[in-house]
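Here the structure is laid out as structure tokens; the discussion comes afterwards.
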Amino acid sequence: NVSMQHVQCRVCCCLHISQQEAILEDLRTDIPVHFNFLFSDSHVEVISGKLEGIYAWIGINFVLGKFQHAHNDGDAVVEVNVPGSDQQAALVRKRTAGVLDMGGVSTQIAFEVPKSVSFASPQQEEVAKNLLAEFNLGCDAHQTDHVYRVYVSTFLGFGGNAARQTYEESLIKNTTMQNKLLGQHVGETEKTPLLDPCLPTDLQDQIGTSEQKLHVLGTGDFDQCRLRLQPFLNRTNEPQTSLNGIFQPAIDYNNSQFFGFSEFYYCTEDVLRMGGDYNASKYAQAAKSYCATQWKTLRERFDSGLYASHADLHRLQYQCFKSAWMYEVLHSGFSFPPDYKNLKTAFLVYDKEVQWTLGAILFRTRFLPLRDIQQESLKGVHSHWRHSFSFVNNHYLFLVCFFIVLLSIILYMLRLRRIHRRAAQRCSPSSVPWLEDGLGSPTLPINL
Ligand SMILES: *[C@@H]1O[C@H](CO)[C@@H](O)[C@H](O)[C@H]1NC(C)=O
Ligand SMILES: *[C@@H]1O[C@H](CO)[C@@H](O)[C@H](O)[C@H]1NC(C)=O
């Protein structure tokens, strides 16, 4: 099945266009040299954040079996107005899972929008067009049972590390300004540190560059930290919006399911050990208690191996900040109510690390079932498959020849034994004429 192989590489979207092109050119040259699968230049491309989100959504829902028809009574279902179909009757099918993913740099949300959406303004409609994708995962374009309308939004700068960086930059800016205005010296020395509620209690640190350095001291106040972080969500008052005032269609919080990956998992599991089913009040309680703990104590716990092996000192140091950031993004940014029951934070789905590449393969090959490939090859349209068929035929030819030769040898041996027996009966051991006879006759096996 060589032609079905796919190679997925990840090229950072932040690279300059010319750098992207250089990498792609390199791949186009080298892949055909090192791999012998079907390859054309159009097989390498840079995909958008939106497409990556859609692929991830497809991959996860495929692994969860959400695209299957047959459902048990226990399966959650949802009523869908299939996009683009003029049927008035809504379709009832398996409810798909939404995806939340917070990396170091960006945060992404993707979920199915079962009903058609209305917009607050024409501008919002314009923005929404770029955030909603409609695609058919059925076996052919006419089947509408598997047409999905999915919302995907990526927020650059809203990942855990990027958020911390933005926060520190704003601390530096504001503190320097205030120091100038009021003639203060906050953060200039270790003795007069700037207090940061988002660092664990009594953790001393320095932030900024060598030219503009600030000494900070953690006060470990989770609630205060959350308040401080709210402006960074950059929300607006417009309805149906989330982070940065970006359009987000309503989520049915009573009938939906979400999975939280990366930072959603690390924040809940690495230190707090509550990965899996997410409970906002329990999480906030645990995060609050972590923030309030003395840094010295946290270090001791770390040294005695109390935390997950994945957790390192960086995690320990920024756990308080990140847990507050995650909480705010989830509840204030994406507007999940604090009593939301259906979020699971996860690293693996059914023991598989699901990546967008799986969704990419499923999506790219959705109209390409094997039977179509075979039909094409029978028609002789596809030279590659014809080639493989003639190769198979050669195998058969070889086997037939092999068996003819084998059969001949067996028959020859049988004949030798018969002659030998007859010769033994005649009791003439001095001469062996049959031997010379047999060897001297190259056509013997076939003449049998
Ligand atoms: C905040 O949101 C506005 C749009 O609502 C956007 O123009 C601006 O760049 C955002 N600010 C940041 C820091 O992302
Ligand atoms: C979360 O946990 C608390 C305390 O155990 C419990 O009272 C509450 O019902 C839980 N919330 C949800 C949404 O499950």
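Just so you know, glycine gets a Cβ as well, placed from its N, Cα and C.
Glu52 (active site, proton acceptor) carries a helical DSSP state (H, G or I). As annotated by TrEMBL, active site, proton acceptor applies to Glu52.
Annotation note: Val105 (ATP binding site) sits in a coil segment as assigned by DSSP. The number of other Cβ atoms within 10 Å of the Cβ belonging to Val105 (ATP binding site), over all protein chains shown, comes to 18. If you look up TrEMBL, you'll see Gly104, Val105, Ser106, Thr107, Gln108 marked as ATP binding site.
Residues or ranges marked as transmembrane segment by TrEMBL: 396-414.
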Cβ density check for Gln108 (ATP binding site), other Cβ within 10 Å (all protein chains) comes to 24
Lowest 10 Å Cβ neighbour count of the recorded positions Glu52, Gly104, Ser106, Thr107 is held by Gly104
Those same-chain residues, other than Gly104, Val105, Ser106, Thr107, Gln108, found with Cβ within 8 Å of the centroid of the ATP-site Cβ atoms are Asp101, Met102, Gly103, Thr154, Phe155, Leu156, Gly157, Phe158, Gly159, Gly160, Ala162
Quick note, Ser106 (ATP binding site) and Glu52 (active site, proton acceptor): C-alpha atoms separated, nearest Å, by 13
